Amino acid sequence: MFNNNNNDKINNTMMSNNPSGQIINLESIDCNSNLSNTTSIKDSNNNNNNNNNNNNNINNNINKINPNIDRKVLDDFNSKSIKIIDNKLNKKNSKKNLYSKEVDDDINKINLNKKIIPNETNSNNSNNNNNNSNNNNNNNNNNNNFNYNNNINSNNNIINNNNNINNNSNNNNNNNNNNSISLYVDTQEKSKKKVNAESLRGPIIFQNFILYTFFLIVIGTAEGTSWAPEIRVANFVPYCVMCVVLLEFNRLHKKPLLRIIFPLYTSNIPFAYMCIFSREARKYVLISLLFFASCLCIFLQSGIPDLRKHIVIFCIIFMINYGCCILFMDWFYIDTTGTKPYRGRILATKIHWGEEATILVSMALLGCIFIVLEKFIKSYARCVAEQHYQIQCLQKEKEKLQTEINISLKKLDLDTPIEKIMDILRSMINTSESENDKKQLIKVIAVLGSNKLYDPDFKFETCTDDAEVYSWLQSMLNREVGYSNVNNNNNMMMIENNNNNTIINNNLIEPTSPNFSKKLTSSDLIPRIRSMPEITDQGIQELIINNFLEWDFPVFQLSEITDGNPLFYMSYFLFSRHKFFEKFKIGIDCFKNFMRKIESGYDSTNPYHNSIHATDVLHNLNYFIEKSFGKFLTDIELFSMILAAIIHDFKHPGVNNHFQINSKSRLALKYNDKSILENYHLHQAFIIMNEPESGILLKLSDSVRKEIRETIIALVLSTDMAKHFNLVGRFKSMANSFPTTTNTQQPSSSSSSSSSTTIPTSTITPTPNSTTSTTTTTTTTTTTTNNNNNNNSNNNSLNNIINNCSSSNGSMGASGADNSNSNNTNNSNSNNQNQCGSSIFLNSNKKDRLLLMKISIKCADISNPSKPWNLYTNWSNRVTSEFYKQGDKEKESNMDVSAFMDRNKPATTKCQINFINIFVAPIYEIWSHHFPQFKLCYQNILSNLSRLEIEQQQQLQLQQQQQQQLQQQQQQQQQIHQQQQQQLHHHQQQQQFQHQQHQQQLQHQHQQQLNNQNQNQNQSNSNNSNSFGLTQSNYLIVV
């Protein structure tokens, strides 16, 4: 039994030692080295008992592969090869006993039912069955024999995949034990594409049919054409029946070899018949030689084994058949009178045996010629096959080299840029001689090896931020941010609290608004539809048209005059302005249904995340598009950005993702704590988009709808604050790879005077007094814009407003904003400013443009600090109010209150300052650097930040004063307390002195009493002694 590695070694050895197609000498194979992994067989005698079986099976399969191999040579080769293999195996079996049950199971699983073509040597197959039934151990050896034979049968495939097997055998050496060995016994077996017997075989049956038909035509035309009138047409029927019977009888044979040999040998029967009846016409010699040559030509195409032997046999049979026909004719044609019923009329010319002998010798010579021709054809075919094989080898080698060249030229580069950087740094370390440089490079590799390349390294232990800021930042990012000063005891307390509060209020899991608890129906929309003002309201017209290109768009005023529906009107305006209704086949009714459902899904009870915030984000995003990069976007990208802004906070429950995770809500479980609310917004919005009455994407093709959906998903998911730093880091890397074209050209006075978006630099001064100037300038520019636009807006319908806006400010072109009208007040500025960030878009691909779109919607979403102070304070108050509502819910659920969300510990200014410094200012700094037309936004941030810092300083001063006052009060109280303590101490001392005096008096009195008692006792004792003495004297006197 051998594994794959051993088979490959034996195959390679045989191929290398057999370049000329000679029989391989197996004694040259070193089984000690090539069969080192063989396992021992349980009973070595079984191998000796099955040598005959091996010989028979090998012979059968070799005959199948190359039927023209000499039988004697094969028998000698088989006997020698089996003996050598058995001897080698016996030596190995005596040294090793590694045959296990696993190997037995694997061997028993080998398929023993593969078909083998039988031939002359199959008579010994019954011996194999007898040996298998006598001893169960022989099953393993028989399995080996069959595998041995099957490998010989499939040696063509093994040769074709020789290189692959050699490469894969080392990998599979430890996994598979294949009990087989492959032998290569001839040059044709050595070739990778061997031409087998089937491909060398001609259409034998068809050629026999042609042969019979030809002589049939000869019979049918001999008498009619008078070239042989003695051949009667009456012979046509018996000859035809004879040929048909032979051809049909040949179809009954199931064995392919018999179906080839049978028609060749049975062709002697029609020949005998034709030879006999063509004797009278003296054409039998021509017919015999023609028939004989035709049969030999067919024989050469038969491809049967031992072709020469069959040619000799056929020649002998044919000559005997011809001689018998001559003898039969000499016996049969003897009737001279025509009266004998069973004899033929005597021949016109008698048979001359010398002439017949000459014909037989000619047939023998013709047979020898065909034998030599067969040998030559075979040698020539072998030579052609070898040349063809060599050509194929060269062709495959050429293709292999060409493939390697193509791979080297067009190799798929699977190395990431960071891997290439690491390789470059490692090579620099290896070539560097300075130890200091090596240490620095190693440090760089360690930094690059981090899995958070685009996230800042928060180290609160090295900065002045407190634990409250850390907790707030952690809740914003939904992950640990590196704060190391958190007490572990607090974490343990949180775990205990979570274990005690396992039941969470269902109100925290399900949305609290009625709009979230059930699906919107038409009846739910009726109150909103009735409460919406008329679309012909002049105030709505003027407000949108005059301010949609202003950064300080009065979104709260729009909400008031639209009765809480600002998103509907702003979306309607932008859809008409960008011609989305025509480009994306959106019906007006479908759009209205869609927008009413979307705006109804924004909970008006949320102080911040409501339709006003969605309108503000939509306006901000459109402002970025029209002021800068709109012309670089495709229609699909522009449409996707507008839709993403509309639905980005759809059905927001008023709490953040951190709350969802801590409360173990249904949404957190559904979305696996990853971008929970963002996924929820998308899911609910796409449900509405798929409804028939509100499906604004249903009329688009599948490919366009798929692209819009993918873009919307990417944009809405990018609004997750947990992805903020990664997104900013990627934008930095991408933007730094493009040259930044900063426009320093100032607009002319005429253009600046007519521009409604030009903001004087005085409005950016970060002082509290700058608000007045900002308001004044904004009012002036707004008034100018109103005057320009009111001259062109005369209709009272929203469609006329849209058309009027398109004519006055320009409509978006096929690729974005294209302000083409000469009355547009922003042309002179926007044309110059659009060049600033154009290099990024001009040199970017679709992936980079998607990153830019993500940054733009991110900036639009957190743009509150970039607004003027009056708008910013309104937004910050709303955010704080929503934070406090979340804190109240956390208290109701016995959860830890998040940072800056406890209304009992207000810290709005501190929260806003940290939000600006950590999130808003860095991204707007990069945004305005690459798009200078947005520097107003960044400088508003700096202005608001300075005011917040002033407020914080004032608050700190107030706190310090209060602390000082409190300290003074505490000091006064401490002094009074000290005085009181001193007085109390003095009083206590007096009391102690008086008490001591009193104790001394008591002790003195007590001592006097003791003395008096002692005196009295002494007196009493003396009196008693005197009385006793008198008593004794009296007694003595009596006595």
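From the backbone N, Cα and C atoms, a Cβ is placed for every residue, glycine too.
Remember, it's a predicted structure, so these values are computed and weren't measured experimentally.
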Same membrane side per Swiss-Prot: PRO305 vs ILE407: yes
Of the candidates ASP423, ASP848, ASP861, ASP888, the one that Swiss-Prot places in the divalent metal cation 1 site of HIS613, HIS648, ASP649: ASP861
Spatial neighbours, same chain, of ASP861 (divalent metal cation 1 binding site) - Cβ under 8 Å, 6+ residues apart: VAL617, HIS648, THR719
Chain residues in Cβ proximity to the transmembrane segment (357-377) (below 8 Å; excluding those fewer than six residues from its ends, i.e. six or more beyond): 285, 288-289, 292-293, 296, 299-300, 307-308, 311-312, 314-315, 318-319, 322-323
Listed in sequence order, residues not in HIS613, HIS648, ASP649, ASP861 with Cβ within 8 Å of the centre of the divalent metal cation 1 site Cβ atoms: HIS609, ALA614, VAL617, ALA645, HIS652, THR719
Number of other Cβ atoms within 10 Å of the Cβ of HIS648 (divalent metal cation 1 binding site) across all protein chains: 26
Long-range Cβ environment of ASP649 (divalent metal cation 1 binding site), under 8 Å and at least 6 residues apart: TYR602, HIS609, HIS613, ALA614, VAL617, LEU677, HIS681
Reduced DSSP assignment, HIS648 (divalent metal cation 1 binding site): coil
Contacting positions for the topological domain 'Extracellular' (248-256) when only residues 6+ beyond its ends and CB under 8 Å are counted: 205, 262-263, 266
Neighbour tally for HIS613 (divalent metal cation 1 binding site), based on other Cβ positions within 10 Å of its Cβ: 23
